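Everything on this sheet refers to the single structure shown next.
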Amino acid sequence: MVTKEEILKKVQSIVSEQLGISKEQVLVDSHFTNDLGADSLDNVELVMAIEEEFNIVISDIDAEKISNVREAVEFIIDKINNKANA
C-alpha cells in the first residue's frame, strides 16, 4: 500500500514537472493557480498526469474541487481506498 507521504512526494514531483518549477516551491497548501501560476490548461494537464501516475479517473466535477496539493493527495487516497474496497 502506498503511504500518504509517498503520494505527497509523487504529487509534488508531478506539479513541479508540469509547471516547470522546483519541488521546493511546491508546498502542501500551494494553490495551483494563485501560488504556482498554473492556468486552466496547466490544471487539466496536472489532472491528466495524476490520473496516469495513480491509475485513477478524476471526473471534471472532482477536478474542479482540486485546487492545491493537499486536496489532490486527499482525493488520490480516497480513490485508492475505494478501489481497494471495491
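Glycine residues also receive a Cβ, built from the backbone N, Cα and C atoms like all the rest.
Quick look at what Swiss-Prot lists:
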- 5-80: domain 'Carrier' (DOMAIN)
- Ser40: O-(pantetheine 4'-phosphoryl)serine (MOD_RES)
Problem set entry | Segment-level pLDDT (mean, integer) for the domain 'Carrier' (5-80) | 97
Exercise. If you skip the near sequence neighbours and keep only those at least six away, which residues in the chain come within under 8 angstroms of Ser40 (O-(pantetheine 4'-phosphoryl)serine), Cβ to Cβ?
Worked result: none
